Each structure stands twice: as C-alpha cells, then as structure tokens.
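*Asks:* For reference, the structure I am asking about is given below.
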Amino acid sequence: MNSYPAELLVQLAPVMFVAGLEPPRQAPSGSEGTAGSIPTSVKRTNSSDQFALLSHRLREMLNAQRKPVIWAPESIRKGKIFQVVLVDKIHQFPPRKIPDPASSQPPHSPLSPLTPSSPLYPDGLVAPIWIRKHTSLVPSIFVLFLHLFEHAGPIFIPRSPLEPDGPDVQKEKEEREKEERRRDTELAREIADRKKGTNERGMKLTVVLMASRRMLDDPTLDSRLTFIRRSSGLDSRAALFVLSPVTPAELADFVKSLQQALFEPAIEYYTAHSKRVRRKRNRHGQATSAPGATYAHGIANVPSRPLPLRPEGWTVRYEYKMACFAEFRGEDEVALKHYQDAYTTLMIMFGSPAILQPRTKRWAEAKVLADCINIKICKLFLYNSEHALALSQHNIHIRRFCDLSMRAWGIGEDTFEYWSWLARQHRVFAELLEQGTHFSLTIPTHLPVPTSTSAPSQQQQEIETLRALGVNPSTALMHPGFYYYVAAECTERRRLRFLAALDATLYTKSYELFKKYSTAPATAHNQMQGRFTLWIAYRIAQTYYESGKFEMAVRFFERIARTYSREKWESVLYPLFSTWYACAQQLGDVEMSIRLLIEMIARGHGTAALQGEDESAADDLHAILKSTVPSSSNPIVVDLTESEPLLNASVVFWTHEIKLGEQVAFQISISLPADVVLSELPISELRIYCSDGSTPIIVKHVASESEKGHTVCRVDVGHISLSAAGAGSRQADANLQWRQPDATLVLAGTVSSDIPQELKFTRAELCISQGDWNIELPFNLGRRQDAASVSCPRWLSSTQPVRFIPIRRSNASSVIIKHRPHQVHVAFSHHSPAYLDESYPISVDVTNNDDKELDLSLDVLLQPGDDDSEEQQSAGLIKGISFGTVYPGTTACKTLRLMSTGSAGERVLDVSVQSRTLGLASSETSFSATVPMDMDMSEVLETLVIPVIAPFTVTHATTYARRTSAGALGGRAFVTTTIEADAAGIDNVEIRDIKFVAEDNMEVKLVHCSLDEDDFPLELMPGDQFSIKCELSLAPAEDFFVDKDAVIARPGLYVLDWRRMLFSSGDAGASQLLTTTTTTTTTTHASLPTLKPPTDGLIALL
C-alpha cells in the first residue's frame, strides 16, 4: 500500500492533543527557606522526581493507546480510545481562513480551491494534507497538564506551644495565601489563553492539575479549584481534573476514565464539522442549480488556463469530508454511504473529458483519490463481514477503470501502464485482506457440501456437478494469496509491455512534444514543423513494422497518409504504401491489401525506375483476385474521393439554363492520367451519378479492335429523362481499358428534367469484377491530376478530324433547370391626370392566361401613396396584396388609391405581380433573387407614371385702410382671394363647401367675409374663377413699426371641400354625370397671406 498516500488509507479516530507532559527542566542549585523548616531543595527534588515519573508514565500510556493503522480491530474501533498526539504547551494551531484583501468575498480555508495560494487552486479535489491537518494539526480534544502550586514545607513552627497562632504564624499564613492566589491567578490566565484558542475552533479544553497526595487533603483545595475554573472560563463538565502520583494500575484507570469522559465532546466536535460541510454542500447545490449557472462542455476547445472546480468536484469534496468525519466518529455505516456517493460522482467526472482532462495533474490526483476511496469502501464492507460486497466493489472498480482506460484515456491492454495499475489494485486488495486476517477477519472457506445419503434427484445431481467444477474467483472472496498471484501475473505482463515499448519510446516522446509545441498560429516555420511531426510519426510506424508490431504500424500509416496525400508528397507516399502493404500481408488482411494495391496503381509514378513497381502492383492485384475469395458478398469499396483522381474527368453542358421539359446536350470526357496504367485491370463497367443520387449512365466494358489507333472515342448514350418517379438509366458499351496514354472517352447525350434543380454529374464508380470479387472505386468528376494544364472546358465538335470548341463559361459543368414563366397579363385603368390631395383610384386587372390555377399577389412601390382597398396604408411600399386563387382565363381586379401631397409633378409606381402555383402559399415565401429553383414562382414587373396637377390656383390681393380716428391704433385690411380651376385639367370640379377657419391671433380679427352658403355647391370648369373677399381688423402691438421686417401672422385659412366631376357621352351624345362608389370628397386648405400694414410717411408741410 506504499503506492498511495498513507493519510488517505489509515483508519481515522478521534484526535486528542496532550500538552504539559514535557520532561522537567533541571532545577537550579541552592536552598531557600526559613529557619526551622525542611530544606526546600530536598523537598523540591522529591516532588519533581514524582511528577517527572508521573509524566513519563503518562506519555508512555497515551502513546500506546492507538496508532495510525490501515486495519483497526473492532476492539479499538468500538472502544472509546483516542489517537493521542503529544505537543508543547505553546503549540499553535494552523490559520483557519485567509481573507482576500482584493475581494469582498468571505475568507476561505488555506486548503480551499478558492484560495490562490492553496495547492488545490483552482480545480483540485482533496489533498492528503487535509487529512494530515485533522490528524496531526487540529484535534477534537485538547488536554493540558499543569502543576498546581503548593508550598514546599509546612507552616512556620511557633516559638511557644502556648501560642500556636501567634503573630508570626498568622503572618506566614497570609503570605502563603497571597502566594497561592498569585500562582492560581497566573495558572487561570494561562488556561484562559489556551481556552480562547480552542473556543475559536470549537474544541473541548480539559485541564489536568498535577498535585501531591498531601495537597489532596488540603481543605483549601476545593476553593482553589473553583477559583481557577471560574477565572479561566472552563466548562463545568469534564473540564478540570486533579491527578496525583499513583501506581501504574491506577494511572491506567485514570487515562481510561479521562478518555471516556471526553469521547462524547469529541463526537460532538466532528458532528459539528459534518453539519457545517452538509450546509455548504446544500448551499452549493442550490447555487449551481440556478438558471444562470451554466458550463460549457466539450473537449475540442481546451481552455488556456484551468477553470474553477466544477459542481461535481465540489460534491466529491463535501461527500469525502463527511465520510471522514463520520469515520472519526466511528459511524462506519454513515461513512460507507458518503464514500460511495463520492466514488459515484468521481466516476461521472472520469466519464467526461470536459470535466477531467486525461493525462493532467488533476486527473492523476483524482485517480489516486478514487483508488483510495475504493480501498476504504472494501475495508468497511469487510469490517461488517460482507465479503461478497467487498469483492463486488473491488471488481466493479477494476472493470470501470479498465473500460475508461481503453475507451477514453488511450491506456489499452497493450500498454504497461494498464497492467501496472491493475497489478497495484490486486496487490493492495491482497494486503488489505492480509492485515485483516491478523485480527478478526475470517476468509470464507469454499468447501463442497456433503451429499445426502438418499438417492439424489436429477436437479441435485446437476448442482453437485457444477459444484465439483470449482468456484469462480470473481464471485467468491479468495484468501490473500490468490490476489498476490493475480498481481504477480499482471506485473509480469507489465514488464513485457514495458520492454516491448522501449523501441519506439523516444520517437513517441518526440512526436508528442512536437505536437504540443506546434499549436501556434500557422506560419511557414510552423508548417515545416508540422510536416516534421508527420515524418516522426512515419518513423514510429517504420519502427513498429521492423519490430513486428504490424497493427500499431498500420494505425500510424492510416493517420499520416491522409495529410501526405492531400499535400501530394509522392516521394514519401510510395515507400509508405509499400511498407503499409507489407504490414497488410503480414496481418493476412486481404481487403486491406486490395485497397492499398489499387491506390498504389491509381497514384502511379513518373520515373522509369518505379514503372516496374506499378506493374508489380497490378500483378499482385491479379494474383490476389484469382487466388482468394471475399469474406462477404457485399462489394468492397475503395474510396478515392480524397486521394488523387483515378481518372481525369470533365463535364460540359451546352447551355447554362433551360426550362422544364427542354433538352440540353452534354458531354463527359474521361481520360487516363499520364502515369496511371489501367489496361491490365479487369474493369467491368463505369457508372456515372447525377447530383440527385440517380444512376442515369452505365457504361459496360466491351473490347473493341476498331478503336485502336483512335485517341478520342465518342459514345452516344441517348436521351436521359429525369422525373420525380426516378431517372431512367441509360446503358452504353465502350472500351474501358484506355490502352493508349492519351486516349479519351467522350460520353455524349441529352438530358431533360421535370424537376427544377441544378443538374450536375458529380461522381462516378469504376467497377472491377473477377471471380467472386466485386470492387467499386468511387471518384469525383471534375477533378484532374493535370488540372493546371487545362485552361477551360472543351466541347467535342468532330472526331475526324478531332476538333474541340472552347466553352468560356465558369459554370459549364452544371445546368440550371427552372420552371416556365407563368402567363399573366397586367392592365391598369385610371382617369389621368390626378389632382393633389385627391384619393385617386387606380384599377389593377390581372388576367391568368396560363393553364394552371395561380395564387396571385401584388406589391406596389409608391412615392408616396396609400392603399385602402385592403385596409393597408404606406408612404413607400405596400406588400402582399392577395388576389387569391385565379383560375385559367379569368381576371381579378384590385383598386389602389393614390393620394399625392406637396407639389405637382409625376408620380412613379413600381408594380410587381407575383404568381405561385397552389402548392406554394404566398405566406411561405416572397419573390426575390434567391428564390429556390424548385419553387414554381413568376413575377411580372410594370411601371406606371401618373401625372399629378393642382386642382386650383389660389391668388391673394391685399389692400389696407388707415385708422378712422387719431387716437385709435391699427386699421383695416381687405384680402381678395381668387380660386381658379386649373386650366390643364380635363374634368370639372365641384366645390361643395368653403369655410373660413380663423387662427388664434390677437393682432388680427375677421370683420366680414363674402362667403355665402347659397353659393354652394359650385361647379367650376377648367379656367373658371371664384373670388372671396374678406375684411380684417388690425391691432398691431405698440412697438410693431419699430422693426421694419415685422409682419402680422396669417389670420386664417379657407377649407375647400371638393370633388372631381366625371363625364361620359351617352347614346344621344348628351353628357351625363357618372357617380361611382369610388368618388370621394377631397379637402384642400388655402391659407391667407401674412399682413404688413404700411407705416405713416410725410404727407405735407404746413
């Protein structure tokens, strides 16, 4: 058990500190006393010898009480026996909490993860120093041994027996009492100082006063003890004892009674600690379950600095502390429950790499803590003779950690770490059982039950047969020797794994360090470092290959081949594939060999020295296909999509965009890369797939002698029709050997679709068949090994002679198939021009000339305008006016109303009529440039220009009259307003009413207005005029004429209610008034001008 900290394994017991039993110092020589008394030095020597012997015996007895052990017998655990620690009287306790001067948070313990100076900061769980603190630094009971002062000799002998209480005797008695009181006061002060320190920590302080037997008979002893207890503040229960030199047997009884009297306060001390920890756990659980307390899980983004301890970690801390305090109290059942809860939470933490990242310091600490908790749980089960539960806990612990090691930590059975840990667990369990057998632990014996003499039944015979086979050690507790044997076997395997791992250790260490220091931002230097890391991994794989560890070598080859392939390091890839293929041969993996050979053939090499190797690879592939059979009937897929393309392929469509049902011509050109040889492969067919996953083209291999000598072969695959029911596959025959290096196969045809889409030929599969082997080689179309040499796509226009037409489009490899536009006609009806302030009706007629039912909607961009036909108004844009469903050949109508304000001029309306089939609701999407192709939508855009004129021209003529008397201020103003119907208009205007609305102005008042109700309604033709005259009374302020630019604000305005008069010719040629529901009354405001009365000037000189 030396592999783990002793503090985490020992049996915990109540701790008692004992002070004041230090060996006595040598008393100085000399004598003190008065005449007639016994020499003081003699008395003190005898007394000191007695107390020194008493202290020595006490130290020996207390030290022998209880030692820190891992397995404690039941007599020790159930007896009220303390673990005693002898300390000095001036012993200082460690600091409790350290306040943080930079924070307002409450202070924390020096061992808390919240304290920056703590070894557990910021995410540690429990350190062994915390156990050491409660077993060696902080007790539950503090016993202080002190000497009760007593005089060395008897009272002064009187001079005469006739005067026993003479003046000299009284004086000496008073001096003795004063000295005793002074010494007792000092003693009480010393006890009070120690009492202050123990009270701060909730400890029980007990004082034992050592006195001589003579002192026990002193009548003043009780009063002195009462004075000391009250002055020092000691408790009234089990706080003050008096001990005199006694025999060893009596001293043993005193020590036993002292521990029994103090055991209950010790239990209360640890109970208080448990309650405090439980309150913290409950508070922490409520705080972490609050809505705002969230944590980000994930291993992909490891923080640059450690995060604070997670809620699971706090749970482990609190459960472990409560288990320890229960163990201090001797409550094994309670301790077992808390240990199990802590262990369960630890398993949750180990299961999430986001909480405990493997291979870190905290991970190692938590692993040690989990092992120690497991030992504690097993020990507590064994204390209660629950052997099956102890063995089950041991097996569960091993099974869980072995699973985590292999699944999450990368410590599999092929590592020496795995077997080292496993050996340690079995050895510790064996040592625990061995220590238990030295005391009261009894290992169960598994002997066969004697059979009955009566004839056994068939069921009993089966049971007896199973018993005769033996006992399963995983379900029955064995003696310690069995587990020592298992530990030895694991140690042997650990040694073999360690020796086997020595060859690649240095490479592996270098590889890990290069990966660690290559996390900086990408630069040219870091990129070179990353490639060197891959090279080290390649050397590791080679080392594994040379040492016969082919599976490990294959793992590294699979890991580094992707990067080398992506960066096209052909000089490294070829020896890599060669060694990889050799590993596959040694492992007997036929499918891996086939994949590697095909990839080696597909890559090819340009040098003549390696050309023979390609042919050798093809020969090996032929040999494997002829001499072996596949393990499954399913075809083997050799995915080359991420590698170099097996064939150079390009797709060209004649046009970029077509409508549904239209045909478009296409050509697919397939050629062989210069360094790839496929002439000897048994290729059976070539499949070309569309982007929708269908298989429209299947080219069967047919050997043809007529094609020899032709570098370009054109094969017509006919017409391909794509529909929702599926694509009709087209088959063609062609020679798929590509025997000539520059041979090109061109597949030509046409394609149409009933589904709107962006059509592409995305991928292809080359099928190899020989015997029972079926191999599929998928590759992407459009990728070429010689991509840099091809400037633009080409269209084969002639084979004799070979002639290509360059297609200068960036998207020549795809065609967009769209819906046909809907046949929708839009017409506008309105009576131009429009007047200012008028609600001008515009009728929009939409006719469905298509053969489908359409859902139509209208968007209008107004500058400015409003629309009340659908109870919508806007100053700029009205969106989504629905016409509903419009059947073929029918027309729908909507009326817009345009209200123009401000100045006259033209108003421009951008009208968008959108049509959708009934399967696409208008609320789901709106028409835009990014409408998906599969949505059957069309849009008709129209621009409508509306001329807008003013209905009236309003002019004002103002004259002024002087005041009539010399003393009066102000005067009169006469304003003549002329309202003329605009001559540019073509319709008559009917004025229904004109009203004068006065402004709130104290400087001007209306005196008279010529408006008369009998004048209205009044019809004005274009060019007609109507005059209004009003008389105004002026009363400017006294200082009005001081400012020559001062004016009087307008007195009011005219409110005109009018409407347009529409005429049409009847059958007899007479005009008649058209009254419609759309005709509305319009209101126009005409303000009077501001007034500026003339000032008086010089008229004449008298």
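Quick reminder: no glycine exception, Cβ is built from N, Cα and C everywhere.
Look at TrEMBL and you will find 28-44 tagged as compositional bias 'Polar residues'. Sequence annotations record features per position, and here TrEMBL assigns compositional bias 'Low complexity' to 101-116. Taken from TrEMBL, the feature compositional bias 'Basic and acidic residues' applies to 168-186. Taken from TrEMBL, the feature domain 'Trafficking protein particle complex subunit 11' applies to 362-500, 507-602. The domain 'Gryzun putative trafficking through Golgi' annotation in TrEMBL covers 638-863. For 24-44, 96-116, 159-186, the entry in TrEMBL reads region 'Disordered'.
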*Asks:* As a quick check of your reading of DSSP, tell me how many residues in the compositional bias 'Basic and acidic residues' (168-186) are helical, how many are strand and how many are coil.
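*Replies:* Result for the compositional bias 'Basic and acidic residues' (168-186), in helix, strand, coil order: 19 helix, 0 strand, 0 coil.
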*Asks:* Averaged over the domain 'Trafficking protein particle complex subunit 11' (507-602), what pLDDT does the predicted model reach?
*Replies:* 79
*Asks:* What are the DSSP helix/strand/coil residue counts across the domain 'Trafficking protein particle complex subunit 11' (362-500)?
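*Replies:* Per-class counts: 97 helix, 0 strand, 42 coil.
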*Asks:* Using DSSP, how many residues of the domain 'Trafficking protein particle complex subunit 11' (507-602) fall into helix, strand and coil, respectively?
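*Replies:* So the counts come to 81 helix, 0 strand, 15 coil.
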